[in-house]
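Q: As annotated in TrEMBL:
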type: DOMAIN; residues: 25-448; note: domain 'Aldehyde dehydrogenase'
type: ACT_SITE; residues: Glu224; note: active site
type: ACT_SITE; residues: Cys258; note: active site
Amino acid sequence: MNSYATPIVPDTSIDDLKALFTCQKAASNANPYPSYEERCGNVEKLLKLTEKHKHDICNVIDKDFGNRSVRETTLSDLFLVIQGAKHARRHLRKWMRPRRVGTSLHSLPATCKVVPQPLGVIGNIAPWNYPYAIALLPAVHALAAGNRMMIKPSEVTVHTTELLGNLVSDNFDEDLLAVVTGGAELGNAFAELPFDHLIFTGSTAVGRKIAQAAAPNLTPVTLELGGKSPAIIDHSYNPAKAVSSILRGKVLNCGQTCIGVDYVFVPTEKLDGFVGDMKKGFTKFFPNLDGNVDYTTIVSDRHYDRLRNLVTDARDKGAKVVTVNPDGGEGNTNNRILPLNIVINPSDDMAVMQEEVFGPVLSIKTYDSLDEVTGYINSHDRPLALYWFGHDRAREKHMLQNTWAGGMCVNETLFHVFQEKLPFGGIGASGMGTHTGKAGFDSFSAHKPVFRQARLNSANLLNPPYSRLTDTLLAVMKKIV
C-alpha cells in the first residue's frame with residue numbers, strides 16, 4: 001500500500017459557510033434564469049477540467065484509499081462525470097424548452113405549458129467511496145438546470161477534497177460553484193442551510209439526520225442511501241454464467257459501492273457449484289492480492305476493522321465462512337487488504353445480514369421457491385438495487401412486479417447506473433428522489449405550470465351573481481371532462 005503525507009485542509013468556518021450561501025443566493029436572485037449559453041459553458045467547463053486533470057484525480061484517489069487502480073477510478077469516477085457532462089451538453093437545449101400540454105376542453109382556446117425553471121442554490125453532501133463522481137456529477141445537472149451549488153465532500157478522502165477544492169476555485173466563481181470542507185459539525189450546519197434543494201449520498205442512518213436537519217426549512221431532499229442489494233439466480237439460469245457479473249458487482253472498489261451486491265439467493269441444489277465457481281472466478285480476477293494494483297484497499301482502519309468484525313461475528317454464530325485469498329490467510333491488516341469472504345446461509349441475527357456490508361464480504365442464501373425470495377426481500381428494508389439472473393420471462397416479471405428496489409438489472413449488475421437515460425435513486429430506506437441525465441435536470445428544476453387565457457373566452461360566464469345559466473355551464477363542463 002502506498003504511503004503519503006496527509007495534507008492539512010482547513011475547515012470552513014460556520015460564518016464563512018453562511019456567508020457563501022448568502023453570496024450564492026444573491027447571485028441566483030440577480031440572474032434567476034441563466035441562458036442556454038451560460039449553462040452549456042458551465043457544463044463544458046466541468047467536462048474539460050475533468051479531462052485535463054484526470055491523472056491528478058486518479059493519483060489523489062489512490063492516495064486516499066492506499067491503493068486504487070487508475071483504470072477503476074477512470075471507470076467509476078471520471079467516466080460518470082464525462083458521460084454525464086457530454087449527455088447534458090447534447091440534450092440541454094431540449095431539456096430547457098417549455099413543454100406544451102393539452103388544455104381541458106372547458107377552457108379552450110386557452111393554452112397550457114410547463115416551464116422548467118432553476119431552483120436557486122443546491123447543496124451536495126458527497127461521500128468518500130466515489131469522491132469525485134458523486135461530488136461533480138450532481139454539479140453537472142445542477143448547473144445545466146441553471147442553479148448554483150455548494151459541495152461538502154467527505155473528510156475521509158482528504159487528498160481528493162483538497163484537489164477538488166482547488167479545481168473548483170480555479171475554474172468557477174464561488175457564487176456559482178464552491179467547495180466547503182469540514183467534518184460532522186460543518187456537515188450538520190450545511191444541512192441546516194435553507195437550500196432550494198439538498199442532495200445527500202451516504203448511509204441510511206445519516207440520511208435520516210440530514211432529512212431532519214433540512215425539514216425546518218422545508219428543503220426538498222434527494223437521498224441516495226444504499227442498503228442491502230440482493231442478487232437472485234433463478235432455477236432457469238446457470239449459476240456459473242452469473243459469477244463474472246456478481247463478482248464485478250461485488251469487488252468494484254473492493255465492495256465499497258452503494259449498489260454493490262450484498263447477498264445472493266441461489267437454488268439449494270446449486271450452492272456447492274456456485275461457491276466453487278465464485279472461488280475460481282475471484283482468483284481469475286485477482287491471481288494475487290498483496291501488491292496487486294487492480295485490487296482496491298479498504299479506505300480506513302475503522303472500515304477495515306468493521307468488515308473483519310462482520311466476518312468474525314458470522315463465524316462465531318455458526319455460519320460457514322469461505323475466505324478466498326490467492327495469497328493465503330485472511331488479509332493484510334497493515335495494508336488494509338481484505339480478501340473475499342463468502343458467508344454461507346447466515347441467519348438474520350448476524351451483523352452481516354443486519355447492515356450494509358460495503359466491502360468484500362458476500363452472503364449466500366439458498367432457496368427452493370421464488371416466494372421464499374420475494375417474501376424475504378419484502379420483509380426487509382427496500383434495497384437500492386436488485387439483480388435478477390434468469391431466462392424465464394414470466395418469473396422475471398413476477399420478481400419485477402412483486403419486489404421493490406431503487407433500480408434493477410437483469411442478467412447483469414451495476415450497469416443501470418451507467419445509463420444516462422435511466423433515473424437513479426432509492427426507495428424507502430434506500431433513499432428518495434432521482435438524478436442522472438434528465439432526471440437530474442428535472443430534480444434540480446421547478447416545473448412551473450403556465451395557463452394562458454385566450455382573448456375570446458367564456459370565463460366571465462362563471463362570475464357571480466350565479467344563475468340558471470351557471471348551472472347549465474357547470475352541467476356541460478361535467479359532461480365534457
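In case you wondered, yes, glycine gets a Cβ from its N, Cα and C as well.
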Q: Same-chain residues six or more away whose CB lies under 8 A from the CB of Cys258 (active site)?
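A: The list for Cys258 (active site) reads Asn129, Thr201, Glu224, Leu225, Gly226, Glu356, Phe358, Leu384, given in order along the sequence.
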Q: Over the domain 'Aldehyde dehydrogenase' (25-448), what is the model's average pLDDT?
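A: Looking only at the domain 'Aldehyde dehydrogenase' (25-448), pLDDT averages out to 97.
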Q: Where does Glu224 (active site) sit in DSSP terms: helix, strand, or coil?
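A: For Glu224 (active site) - judged by DSSP and reduced to three states - the answer is strand.
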Q: CB neighbours of Glu224 (active site) within 10 A?
A: 25
